[in-house]
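A.B. asks: One structure follows; several queries about it will come next.
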Amino acid sequence: MLDPDIESIPMVRYTAVAGRNVTLNCPGVNEHSLVDALVWKTSQTVAEFVNGLPIVRNPRVTLLPDNFSLHIRPTVASDTAEYSCLVNDRHSPEAIVDLLVQDVPDPPGRPLVVSFTSRSVHLSWAHSQDSRNAPVSYFIIETSAFRHLQVQRESTSKFPKLTRFPIWNAIASTVIIP
């Protein structure tokens, strides 16, 4: 949170995909607003408009001149934050801009074989260390099945068949080999 004193201020939510661009509108400001000074901030200042000049601290960030929107290109998961746009030396924003940037989660830990039979295997693995704001909803396990040498000779392909198994909310799973 930015400041406990401003918790009653409305929230404007944005969700972005990492690698794409996003433009955050400054609440209450439009192309007709009279703006002498403006500050976009999170826990630190991100961009400012002072003495008629935009000042930004990150090369991926642009302060748009027509409406003072904050343009981030491309977004990364670490851009996730609550932003405030303070206009003309106001101490509180008209609304908090909540940006959530979702990225591909880290891969899960290496699977461990807990037990197996001739037709199944029970696997276990640790969830990814960092979900990057995109929680894992399922895993896909790809297997290659080498059944019998006789079946291999009858096959026209040199490559094993890949089978995909969706496993919902898996922490541990059993895979049945056809």
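Cβ coordinates are placed from backbone N, Cα and C, and glycine is handled just like the others.
Residues or ranges marked as domain 'Ig-like' by TrEMBL: 4-98.
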A.B. asks: Based on DSSP, tally up the residues of the domain 'Ig-like' (4-98) by helix, strand and coil.
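C.D. replies: When I sort the residues of the domain 'Ig-like' (4-98) into the three classes, I find 6 helix, 40 strand, 49 coil.
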A.B. asks: On average, what pLDDT score does this prediction assign to the domain 'Ig-like' (4-98)?
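C.D. replies: That stretch averages a pLDDT of 93.
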